[in-house]
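Asks: Just lifted these from Swiss-Prot, have a look:
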{"type": "SIGNAL", "residues": "1-25", "note": "signal peptide"}
{"type": "CARBOHYD", "residues": "Asn154", "note": "N-linked glycosylation site"}
{"type": "ACT_SITE", "residues": "Glu184", "note": "active site, proton donor"}
{"type": "ACT_SITE", "residues": "Glu253", "note": "active site, nucleophile"}
{"type": "CARBOHYD", "residues": "Asn254", "note": "N-linked glycosylation site"}
{"type": "CARBOHYD", "residues": "Asn351", "note": "N-linked glycosylation site"}
{"type": "CARBOHYD", "residues": "Asn380", "note": "N-linked glycosylation site"}
{"type": "CARBOHYD", "residues": "Asn491", "note": "N-linked glycosylation site"}
{"type": "CARBOHYD", "residues": "Asn665", "note": "N-linked glycosylation site"}
{"type": "CARBOHYD", "residues": "Asn706", "note": "N-linked glycosylation site"}
{"type": "DOMAIN", "residues": "740-826", "note": "domain 'SUEL-type lectin'"}
{"type": "CARBOHYD", "residues": "Asn797", "note": "N-linked glycosylation site"}
{"type": "CARBOHYD", "residues": "Asn801", "note": "N-linked glycosylation site"}
Amino acid sequence: MKMKHFTRLLSLFFILITSLSLAKSTIVSHDERAITINGKRRILLSGSIHYPRSTADMWPDLINKAKDGGLDAIETYVFWNAHEPKRREYDFSGNLDVVRFIKTIQDAGLYSVLRIGPYVCAEWNYGGFPVWLHNMPNMKFRTVNPSFMNEMQNFTTKIVKMMKEEKLFASQGGPIILAQIENEYGNVISSYGAEGKAYIDWCANMANSLDIGVPWLMCQQPNAPQPMLETCNGFYCDQYEPTNPSTPKMWTENWTGWFKNWGGKHPYRTAEDLAFSVARFFQTGGTFQNYYMYHGGTNFGRVAGGPYITTSYDYHAPLDEFGNLNQPKWGHLKQLHTVLKSMEKSLTYGNISRIDLGNSIKATIYTTKEGSSCFIGNVNATADALVNFKGKDYHVPAWSVSVLPDCDKEAYNTAKVNTQTSIMTEDSSKPERLEWTWRPESAQKMILKGSGDLIAKGLVDQKDVTNDASDYLWYMTRLHLDKKDPLWSRNMTLRVHSNAHVLHAYVNGKYVGNQFVKDGKFDYRFERKVNHLVHGTNHISLLSVSVGLQNYGPFFESGPTGINGPVSLVGYKGEETIEKDLSQHQWDYKIGLNGYNDKLFSIKSVGHQKWANEKLPTGRMLTWYKAKFKAPLGKEPVIVDLNGLGKGEAWINGQSIGRYWPSFNSSDDGCKDECDYRGAYGSDKCAFMCGKPTQRWYHVPRSFLNASGHNTITLFEEMGGNPSMVNFKTVVVGTVCARAHEHNKVELSCHNRPISAVKFASFGNPLGHCGSFAVGTCQGDKDAAKTVAKECVGKLNCTVNVSSDTFGSTLDCGDSPKKLAVELEC
């Protein structure tokens, strides 16, 4: 009896433990309408924040701002080459601590979407693949290749195991509600033929076997193998419909802006157009949407891909590179999220009916037993509309969506922005004058003697030699010439067929010149005249520089990098041209630069005694600079102005803040003074900063700095520049503007700084834009500037009711809609 009683108690104990465990778990599934959480259909709003593109100290603030902006989830890729830089040697430290990042999301009360890939694209170096993978025998990426599949499965399994061990999947009570395998393979699958289909089937089976207890995604993958869920990526996904009728309409990448390339302009996507794309998606049946990016961040070190992706990955996201609110985008979307959430039951359970109102205007009605919710969408790119709907008139601007949660009152219109615009600026304090020391890069052995670390017959691709350990690779060979050589003449050139992103050439220790890629032409011919060849042995030294490895396209891993030849000397004798191909000569190779290998950027560098503090050179190639500075006071984000420098890399206290290239200006054409949000967006539309450096300012995370005492900035200058203008600043809100519509409330804030003055205010039909507002033909009879000043000046934030009650009668305006234009100084 005692034994039987004990067995019964033990059984009850295990049942209790199991019940408690299940109570903590979250059941994530889906039907044809939506992702379901614990059996309930959900509207889910997500945003991409990539943990390596910020610092661990920044994560809580970024995630909380995303939550305050109305998001339910944070999405991130997992970056294979960052975590496994050498085969079976892993790094999950610092800002690579993905487990800590997911737990930080959980601590904020948000869900997580984990896109393991492990191909990520993401404008990340080599698409996230480690280069050692490429250098394995018989390797082909993203196809039926046993070596690749084994390595992909190994890394994917490791990440899943790490998440399971920390109980981070929703099925274990964690925040991860969705995971992704592969990435945008549908864009390239046709290039791989039957093996592409077999590979994607294998991916699905492999992922499914890992038993994570939440759905798997495959983005941009029509007819994704079951049970994978296909999703859409793009600027607009309202016209997208899943090929599988049991899959909900999901959008994994709504591109909030675009990335920047060196030599390119700054992309800009308006808040109106981004909100329009979101509202259209939910109007047409979407229920899951993710912003790519919600915070773009910074490509620290050498992680930027492309080639030619800049260090800044700001992406014109709702949170800027430094973590500040990008207004009005952040606030305008927050208001939309609030309205959409109020309609969640209608959007996920309601019967859908659609009415074509003509002239590209459509209404959509979601009806439940409790009531109805409506959208009125105007996709006409030029004409505003006065729409009569259910017996009422609604003004729906061109290229906008009006949202009516009760099918009666307009709660939101995507083109009617009632959120402030924040103009960020550098603080006005006088910059600290930096005292620089310098030393040359020790390159004489390569330039004069052609001496390297390894020797090969013929030219070898840069990736194969460096394993991506460095941006730099020396190619060096020798050539014997005598007077009788048919090549010899007074008119000779060095000709190089190159795939180097930047090429520097030396002959017999003399600099011949350089060439770098422009306009995306990464296959080019370099040819320069050489006057210093000698009878006897001649040394030719070529420095190949990579600026991020290709990250997208079919078979992108096999794209050439470096100097693939031919390399030749060309002699011109009258009409006769004689060419001597050196490609199959014996070549010496030297990986990296000596200063990198000696870690001159480290604060513990043993070469500190060799730095000079006299006769600071400017315009000198291959030069190291170093200076001490004090961290700017306060908590605002810190930036360093590298104007005056050429190209290179910068470190703060030994930590790389990325590549710099402020001497590379964008073209002078393609920018407009006015940006019209109407009409389909592309990365060139509304671009700005023509004729200016693609990137002048570089992010210095506060966690890289010593708050008290000295800090060290180290620069490696590749092309030649002047460091005397380098200075540190903080980024603050300088001006706040708003152009709010009547019958709304506008919230105004200088982001933790007091509002100091009202520069302009007018209620009626004000003209112009932020920085150039003017009084229109009518305005309220109360002094708008005094009214706003009373409400706002001296405060950190204020709320202004945009109405005639606040600003007085506007009889002169007639029946036309009234607006408040206001500009505040911080």
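Yeah, the Cβs are placed from backbone N, Cα and C, and that goes for glycine too.
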Asks: For the domain 'SUEL-type lectin' (740-826), what is the mean per-residue pLDDT, to the nearest integer?
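Replies: Mean model confidence (pLDDT) across the domain 'SUEL-type lectin' (740-826) is 93.
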Asks: As a test of the contact definition, list every same-chain residue at least 6 positions from Asn351 (N-linked glycosylation site) whose Cβ is closer than 8 Å to its Cβ.
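Replies: Those within reach of Asn351 (N-linked glycosylation site), by Cβ under 8 Å and sequence separation of 6 or more, are Tyr366, Thr367, Thr368.
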Asks: I'm trying to understand the geometry here, so how far is the Cα atom of Asn254 (N-linked glycosylation site) from the Cα atom of Glu184 (active site, proton donor), in Å to the nearest whole number?
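Replies: So the alpha carbons of Asn254 (N-linked glycosylation site) and Glu184 (active site, proton donor) sit roughly 14 Å from each other.
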Asks: What's the CA to CA span in angstrom from Asn154 (N-linked glycosylation site) over to Glu184 (active site, proton donor)?
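Replies: Roughly 21 Å, rounded to the nearest whole number.
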Asks: Which numbers of helix, strand and coil residues does DSSP report for the domain 'SUEL-type lectin' (740-826)?
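Replies: Per-class counts: 16 helix, 32 strand, 39 coil.
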Asks: Which Cβ among the glycosylation sites (Asn254, Asn380, Asn801) has the fewest C-beta neighbours inside 10 Å?
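Replies: Ranked by other Cβ atoms within 10 Å, the glycosylation sites Asn254, Asn380, Asn801 bottom out at Asn801.
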Asks: Roughly how many Å separate the Cα of Asn706 (N-linked glycosylation site) from that of Asn797 (N-linked glycosylation site), to the nearest whole number?
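Replies: Asn706 (N-linked glycosylation site) to Asn797 (N-linked glycosylation site), Cα-Cα distance: 31 Å.
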Asks: Around Glu184 (active site, proton donor), which residues of its chain at least 6 apart sit with Cβ under 8 Å of its Cβ?
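Replies: Same-chain residues close to Glu184 (active site, proton donor) (Cβ under 8 Å, separated by 6 or more) are Cys121, Cys219, Gln220, Gln221, Asn233.
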Asks: List only the single closest residue to Asn491 (N-linked glycosylation site), chosen from the recorded positions Glu253, Asn380, Asn665, Asn797 by CA-CA distance.
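Replies: That would be Asn665, the closest of Glu253, Asn380, Asn665, Asn797 to Asn491 (N-linked glycosylation site).
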Asks: Here's one to test understanding: among the recorded positions Glu253, Asn380, Asn665, whose C-alpha is closest in space to the C-alpha of Asn801 (N-linked glycosylation site)?
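Replies: Considering only the listed recorded positions, the nearest one is Asn380.
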Asks: Within 10 Å of the Cβ of Asn797 (N-linked glycosylation site), how many other Cβ atoms are there?
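Replies: The Cβ of Asn797 (N-linked glycosylation site) has 15 Cβ neighbours within 10 Å.
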